[in-house]
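According to Swiss-Prot, the feature active site, proton donor maps to Y16. Residues annotated as active site, proton acceptor in Swiss-Prot: D40. Among the features that Swiss-Prot reports, substrate binding site is placed at D103.
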Amino acid sequence: MNLPTAQEVQGLMARYIELVDVGDIEAIVQMYADDATVEDPFGQPPIHGREQIAAFYRQGLGGGKVRACLTGPVRASHNGCGAMPFRVEMVWNGQPCALDVIDVMRFDEHGRIQTMQAYWSEVNLSVREPQ
């Protein structure tokens, strides 16, 4: 099988953001290959396999309402890889916050996420006014 096309990568990554926005943890986890790795944020020890990835998303998304939206177009290559800028809005330590992130993903020949690296740190976190 071939790797996803650039257009398919764009669609897959946009779908990922949609699923994060609605908090569909099971559907997010199903987007990953069985042996996938997640580095979130990049530089932390990788999380390996769907079971650990599911626990990571349950911890991160299961505690409250999280919103996510793209803040620019998905950039995709012809080798099954892509990058996207997006914003996550959440409540952190009782304070409404926004986190600006860039995710880099590599997909396998089945269109599943093989690797995901999230680029962010505390310098990308901003306090929002309560709504």
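Glycine too: its Cβ is placed from the backbone N, Cα and C atoms.
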Pairwise Cα distance for the residue listed as 'active site, proton acceptor'/the residue listed as 'substrate binding site' [Å, integer]: 9
Alpha-carbon spacing, Y16 (active site, proton donor) to D103 (substrate binding site), which is rounded to whole Å: 11
DSSP three-state assignment for Y16 (active site, proton donor): helix
